[in-house]
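Features of the protein shown, as given by Swiss-Prot:
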ACT_SITE  SER38  active site, nucleophile
ACT_SITE  ASP310  active site
ACT_SITE  HIS313  active site
DOMAIN    366-646  domain 'Autotransporter'
SIGNAL    1-24  signal peptide
TOPO_DOM  25-397  topological domain 'Extracellular'
TOPO_DOM  422-437  topological domain 'Extracellular'
TOPO_DOM  462-488  topological domain 'Extracellular'
TOPO_DOM  519-547  topological domain 'Extracellular'
TOPO_DOM  572-605  topological domain 'Extracellular'
TOPO_DOM  629-636  topological domain 'Extracellular'
TRANSMEM  398-408  transmembrane segment
TRANSMEM  411-421  transmembrane segment
TRANSMEM  438-447  transmembrane segment
TRANSMEM  452-461  transmembrane segment
TRANSMEM  489-500  transmembrane segment
TRANSMEM  508-518  transmembrane segment
TRANSMEM  548-558  transmembrane segment
TRANSMEM  562-571  transmembrane segment
TRANSMEM  606-615  transmembrane segment
TRANSMEM  619-628  transmembrane segment
TRANSMEM  637-646  transmembrane segment
Amino acid sequence: MIRMALKPLVAACLLASLSTAPQAAPSPYSTLVVFGDSLSDAGQFPDPAGPAGSTSRFTNRVGPTYQNGSGEIFGPTAPMLLGNQLGIAPGDLAASTSPVNAQQGIADGNNWAVGGYRTDQIYDSITAANGSLIERDNTLLRSRDGYLVDRARQGLGADPNALYYITGGGNDFLQGRILNDVQAQQAAGRLVDSVQALQQAGARYIVVWLLPDLGLTPATFGGPLQPFASQLSGTFNAELTAQLSQAGANVIPLNIPLLLKEGMANPASFGLAADQNLIGTCFSGNGCTMNPTYGINGSTPDPSKLLFNDSVHPTITGQRLIADYTYSLLSAPWELTLLPEMAHGTLRAYQDELRSQWQADWENWQNVGQWRGFVGGGGQRLDFDSQDSAASGDGNGYNLTLGGSYRIDEAWRAGVAAGFYRQKLEAGAKDSDYRMNSYMASAFVQYQENRWWADAALTGGYLDYDDLKRKFALGGGERSEKGDTNGHLWAFSARLGYDIAQQADSPWHLSPFVSADYARVEVDGYSEKGASATALDYDDQKRSSKRLGAGLQGKYAFGSDTQLFAEYAHEREYEDDTQDLTMSLNSLPGNRFTLEGYTPQDHLNRVSLGFSQKLAPELSLRGGYNWRKGEDDTQQSVSLALSLDF
């Protein structure tokens, strides 16, 4: 009875510990499936020193006392924190084969990592019958078929929409299975075998840890085994990355050894104590020297200030650092695939500016053989709502547009225009900052006769992304990665309409029309500056837009000097596939991977309102407001322009 009463309390405590990591809006993965060892174990083993019904994890307890028997559970491991950030169902983040959960009737989760597992056992937990074994003191507590065997029994392969997550290799060292370079390479190969088994079964996204430098852990630091452990860790990782680059799988590698070195070199940036020996001491004192200040029995117990809980396992702070690191890589394309959308948004604002000018001139062209020039300025705002694989963003900017047209005869005129646009976008949970300058030029032609009218424009542009700053949480701090790149665009647009008004000099005009638009934006690939564990290199991005639309435009003249005009159009986008972005860590250039990002809107509504006021016989003032709305995007712009006949 007591055990059953405490079960909800234990679950609530664990959920509370997870909730400290804010859940992000994008949620591109159906679930998170984890394989590995104690670094990822979500609670396969019972916790005899914890609350009834609790399970053990290889990190510190949540506090405030951190002591065994205190009623405090163990904190979450990195994949549990990551899953919470990705919006994965909490039950999916639980252990796969926990005897405690089975006894209590709690459904098994998707975390198959087991403390103590070697690379061969990790492979079995994926591929073997009875491959998931929970044993303590040579006693089998529970067994299950491996993940793929269990899925096959249900007629399923690997979930192609899931994120897979693998750690391993440390126990091959700790259990004496790696004593030389050849054995280190063989262990790395076994981990790659696990990756390939998942890939061949249909897995599309697989996160793989590089092994931490075992020479930089309390277990070996400062002792005679430190150089040996560091050397073999390096051999393992070199073989792992080499084989992964040839495995044919889409692998997101985590450069954990580099990340931890950065944390040790600048601990304050990660919220760690800068005045403590973070490698030679630990929190619990289990197999290592307890930190005298922040250790469990120190003067001020606080595991958040330390990297290691025991001789080889991170504190919750270390686990959160790794979760944030992984999330920063997975979320990068959610923001970076918005760069082409900044350009598309700017192009649409520029085209709206031209169309507003044309609408003000409708049935009111300059005389044959005469020029009409215009110059205008304005501002625009572009808002993106979050999607499954795209971040929310808020953009704003300003512009200068100028151009002119020449009337060839009664029915035709042609012209040119140019525009400069400055755009800024803040995106993601930490308001990453992306800035772009656009330089565009157009040639256009217009026709109006016998109530029919048409226009067509060809536009080209140069894009200067001069300040790109990706920001993200990292442990107890925040980091940004900077870069810059260029791009270009070209577009063609055309409209055809029929004026319902029977006379050209009618005070009102109303016209249905159809439209066709094509645009292509290309953003050059670039590398973020530096070679930190979080810096990325991105491939080129290309995003085309093909739209057909129909609408209604009208205008009304109040006398000979003042007119109001308006337009509504609905457009269908035919290039609406989710965008992919291929990238790699700067520190691991040979291991490229591809992730999903922004999905273009398949339907758009557009409204424009404006006025034109004649100031002198050859001089007019025009103002306008434009609004575009898709399912997840909103774009608005305002403008003011002068036109002069000469």
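Here the Cβ of each residue, glycine as well, is placed from N, Cα and C on the backbone.
Mean model confidence for the topological domain 'Extracellular' (629-636) is a pLDDT of 93. Taking the C-alpha positions, the distance from ASP310 (active site) to the residue listed as 'active site, nucleophile' comes to 12 Å. Its Cβ taken as reference, SER38 (active site, nucleophile) is surrounded by 23 other Cβ atoms within 10 Å in the chains shown. With Cβ pairs under 8 Å as the measure, the transmembrane segment (508-518) is packed most heavily against 548-558, out of 411-421, 548-558, 562-571, 637-646. Residue environment of HIS313 (active site) contains 28 other Cβ atoms, counted within 10 Å of its Cβ in all protein chains. If you look at the transmembrane segment (637-646), the same-chain residues 6 or more away from its ends with a CB under 8 A from one of its CBs are 349, 352-353, 356-357, 360-361, 366-367, 370-381, 399, 401, 618-626. In this view, ASP310 (active site) is surrounded by 21 other Cβ atoms within 10 Å of its Cβ, with every protein chain counted. Packing against the transmembrane segment (411-421) from elsewhere in the chain are residues 346, 349-350, 353-354, 365-366, 380, 397-405, 437-449: each is 6 or more residues past its ends and has a CB under 8 Å from a CB in it. Across the structure, HIS313 (active site) and the residue listed as 'active site, nucleophile' place their CA atoms 8 angstrom apart.
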